[in-house]
Amino acid sequence: MAEVRRRKGEDEPLEDTAISGSDAANKRNSAADSSDHVDSEEEKIPEEKFVDELAKNLPQGTDKTPEILDSALKDLPDRWKNWVIRGIFTWIMICGFALIIYGGPLALMITTLLVQVKCFQEIISIGYQVYRIHGLPWFRSLSWYFLLTSNYFFYGENLVDYFGVVINRVEYLKFLVTYHRFLSFALYIIGFVWFVLSLVKKYYIKQFSLFAWTHVSLLIVVTQSYLIIQNIFEGLIWFIVPVSMIVCNDVMAYVFGFFFGRTPLIKLSPKKTWEGFIGGGFATVLFGILFSYVLCNYQYFICPIQYSEEQGRMTMSCVPSYLFTPQEYSLKLFGIGKTLNLYPFIWHSISLSLFSSIIGPFGGFFASGFKRAFKIKDFGDMIPGHGGIMDRFDCQFLMATFVNVYISSFIRTPSPAKLLTQIYNLKPDQQYQIYQSLKDNLGDMLT
């Protein structure tokens, strides 16, 4: 039994009130479970008050649009106004995406890096408000330093992997290739020591929380962008198709939800409906099959990006692999005595489309939960009707990871061109040893 003394007035005596621990717990649980319970300022716990105060300082997403668009749509209801705005900027982004694809792999890699930096800035700005409130030293500088270090490591890994032969031929860059991982580790250790030296008494817990915040942000955006670039080098189709599937699912789920949505899907995103989720899923599978069939006809999209020693440059020409060579499939299983010619990649595209439509949206739900925790509408307002860059790429990062794992598990086979690149990086005597071993082994096999 716990006694709670309550003073009714300044001159009134103390009143002893006995409250059982179990009753108090039940009251707290019922209050927490009540969906319509709203805490008063006095009832709010310190953490809730802190989040409320923090939310006032965070950059809130807005629905601002260009004035010319506002004036043109002023007579429309808000629901249809938002529909038109989202539609216009969706098509603008699709056209921009097409132009970047036309620019080739280098344009895609630069765009990936820029998107990554912007996403990191949007996430870290929330933590930066915590830094400003508490006066924590060096938080923003350390965050950007760790971003630079992480990019040096991951992008360097890609450069060494795909451009190692070219870089090794430049004398002053050879050192960076040979000791890339050691240099990356040394740069990280500098940041680590910098963080330790910046620790301030009273704020240890908060500083370590923000240190973790930065590293989780790096895990979300830098690691995923590294995987995206690996997917690009496997062939543009492994980048374009999954990205387009997420876009298609997002658009079609919005369309089906807008016209037919009645049943709420998840509390984290009240506007999401089962009708939109299911309709978007079917549309994505159909779109994935048709879009994949079109891209499979062009070497530009299906060939992996490799360095050609003969041509002395990176190439996107190849003999199409089994995945992109039409195969004959019998339809007897379905009671039809005919055959169908299909690219094997189409079957893989169905797996990708199912993931993008069933699991992909959970990347968006995760982001919605994060935004609700800090009581913000969007990560930013860079794209009218859509929010910030992170609001558009929350599902893309999850999809990129799946595609990378899918390729390494079910698709990737040893690449002769990549093996040659690694051999060219060896010393002449090591290359000669490999040559002799191959010669002897092949001789034994042929005799």
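The backbone N, Cα and C atoms fix where each Cβ goes, and this holds for glycine too.
The annotation region 'Disordered' is assigned in Swiss-Prot to 1-49.
As annotated by Swiss-Prot, phosphoserine applies to S30 (among others), with the evidence given as experimental evidence.
For S34 (among others), the entry in Swiss-Prot reads phosphoserine, with the evidence type experimental evidence.
Positions annotated as phosphoserine by Swiss-Prot: S35 (among others).
Residues annotated as phosphoserine in Swiss-Prot: S40 (among others).
According to Swiss-Prot, the transmembrane segment annotation covers 88-108 (among others), on the basis of sequence analysis.
Here the transmembrane segment (147-167) has Cβ contacts under 8 Å with residues 113, 116-117, 120, 173-174, 176-177, 180-181, 183-184, 187-188, 191, 218, 222-223, 225-226, 229-230, 233, 305-307, 309, 314, 421-422, 424-425 of the same chain, all six or more residues outside its ends. Annotation comment: Swiss-Prot describes 147-167 (among others) as transmembrane segment.
Sequence annotations record features per position, and here Swiss-Prot assigns transmembrane segment to 180-200 (among others) based on sequence analysis. Same-chain residues lying 6 or more positions outside the transmembrane segment (180-200) and placing a CB less than 8 Å from one of its CB atoms are 136-138, 142, 145-146, 148-149, 152-153, 156-157, 160, 207, 211.
Through the fold, the transmembrane segment (203-223) approaches residues 116, 119-120, 123-124, 127, 130-131, 134, 136, 139, 142-143, 146-147, 150-151, 154, 195, 397 of its own chain, all at least 6 residues removed from its boundaries and within a Cβ separation under 8 Å. Sequence annotations record features per position, and here Swiss-Prot assigns transmembrane segment to 203-223 (among others).
Long-range contacts of the transmembrane segment (227-247) within the same chain: residues 94, 97, 101, 105, 108-109, 112, 155, 158, 162, 284, 287-288, 291-292, 295-296, 300-305, 316, 345, 349, 352-353, 356-357, 360, 395-396, 399-404, 407, 411-412, each at least 6 residues beyond the stretch ends and with a Cβ under 8 Å from a Cβ of the stretch. Annotation source Swiss-Prot lists transmembrane segment at 227-247 (among others), citing sequence analysis.
Annotation source Swiss-Prot lists transmembrane segment at 276-296 (among others), citing sequence analysis.
Annotation source Swiss-Prot lists transmembrane segment at 350-370 (among others), citing sequence analysis.
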The transmembrane segment (88-108) touching the transmembrane segment (276-296) per 3+ Cβ pairs under 8 Å rule: no
